[in-house]
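Student: Sharing a structure with you now.
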Amino acid sequence: SVGFKAGVKEYKLTYYTPEYKTKDTDILAAFRVTPQPGVPPEEAGAAVAAESSTGTWTTVWTDGLTSLDRYKGRCYHIEPVPGEEDQFIAYVAYPLXLFEEGSVTNMLTSIVGNVFGFKALRALRLEDXRIPTSYIKTFQGPPHGIQVERDKLNKYGRPLLGCTIKPKLGLSAKNYGRAVYECLRGGLDFTKDDENVNSQPFMRWRDRFLFCAEALXKAQAETGEIKGHYLNATAGTCEEMYKRAIFARELGAPIVMHDYLTGGFTANTSLAHYCRDNGLLLHIHRAMHAVIDRQKNHGMHFRVLAKALRMSGGDHIHAGTVVGKLEGERDITLGFVDLLRDDFIEKDRSRGIYFTQDWVSLPGVLPVASGGIHVWHMPALTEIFGDDSVLQFGGGTLGHPWGNAPGAVANRVALEACVQARNEGRDLAAEGNEIIRXASKXSPELAAACEVWKEIRFNFKAVDTL
């Protein structure tokens, strides 16, 4: 009989369409799918496409009230993952009309919403997504971007230097401001609130902002350089977050900070708009990212979170170090670093980039290398990250035996030496240690730092592999 037929049918009949030609306006996603035993990969891929777009588990008569062909997600290609028995990469295309303009929140709710709890799958991971230019154009993106930031700070031709103030919790506002002043006075460009410094009983946010502003003004007057401190505006409500950002602007601070995953994309996008409207730079910390991106077969790869952040807005974002104490495999890290900085990125599976991405001049984001790095890493960091980056040494500045300012001096001298050596055409990878040693002859601060950290190694295998 014609008409409506109730019951359960296989997803692949509707949602697996290998003959589909993707459109320039489609959002494309590459999922790593691990089906339950007995579930064919086509069915698993189709289930992902269905459950993250128009499908549900049974046939419903209201399907007849719309055009599924126009709105459904489609699994258009499946390939086995080399070296893994039961894993497949399923490529899904979503029509643009499924997403609200300018909302990272809505995009993620659709693509990585309910479907990750789906029973027919043992595990599911979103490896990469291709955002069409027409959708990117609905986002403001980073408040300022790399070039505007350099112009604001008047710093060119080298990476920027930062330092997270430690101990991360427990200092009073006055002592905190003192530590900030010493680091900036010694030669750093930025100091940073730790991601969990918000407004706790031992140091309320307003007091911290005031003492940090004093430190900035003093260090700028003495060095003749523009200085910044990432004032963490993250708060329990958006209203409170705005209050902090407004106060930072009133103090004349150049930059504020936000924890974009714990704070949420809605709050982050609001703050990014405020920052562009009011001339504040926005530093983004990725606290909680490893909860989402650490497992190889389930969750979301950081490159997706990085793309989402560039759309939502931020001028700096933490991106691993390749050499320090936290995650990062070199090629994969550089893959998403390029996704953050460049205007156009070619598909390159060896770096984990599944799709060619065109950002249509959306401003870029500076990657921040932070976590367990010290002066001996400087040549490698300069070579790996290049000029458009922020190198952040927390313990690697404050752990200096003579104090914060000498620690900052050591880092600045090491950086300038590496940049000069690179500009002279020397090979930083091969001659790095020699370059640092030569520079330490003329700088007692650097010599002392070299002595302290000469034996430190973090010898663990990288978890983030292809």
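Cβ atoms here come from the backbone N, Cα and C positions, even for glycine.
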Student: Besides ASN114, THR164, LYS168, ARG286, HIS318, which of SER53, SER67, SER370 does Swiss-Prot list for that substrate site?
Tutor: SER370
Student: For SER370 (substrate binding site), just count the other CB atoms lying within 10 A of its CB, please.
Tutor: 25
Student: Show me the subset of ASN114, LYS166, HIS318, SER370 whose Cα is within 10 Å of GLU195 (Mg(2+) binding site); these are the recorded positions I mean.
Tutor: none
Student: Going by Cα-Cα distance, pick out whichever of the recorded positions ASN114, LYS192, HIS285 is nearest to LYS166 (active site, proton acceptor).
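Tutor: Spatially nearest to LYS166 (active site, proton acceptor) by Cα position is LYS192.
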Student: Nearest of the recorded positions to ASP194 (Mg(2+) binding site) by CA-CA distance, picking from LYS168, HIS285, ARG286, HIS318, SER370?
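Tutor: Nearest listed residue in space: LYS168.
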Student: Among the recorded positions listed here, LYS192, ARG286, whose Cβ has the fewest other Cβ atoms inside 10 Å?
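Tutor: Comparing Cβ neighbour counts within 10 Å for the recorded positions LYS192, ARG286 gives ARG286.
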Student: Given a separation of at least six residues and a C-beta threshold under 8 Å, show me what packs close to HIS318 (substrate binding site) in the same chain.
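Tutor: Those within reach of HIS318 (substrate binding site), by Cβ under 8 Å and sequence separation of 6 or more, are ILE284, HIS285, ARG286, PRO367, VAL368, SER370.
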Student: So which one is it: of the recorded positions LYS168, HIS285, which has the fewest other Cβ atoms within 10 Å?
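Tutor: Taking LYS168, HIS285 as the recorded positions, the minimal 10 Å Cβ count falls on LYS168.
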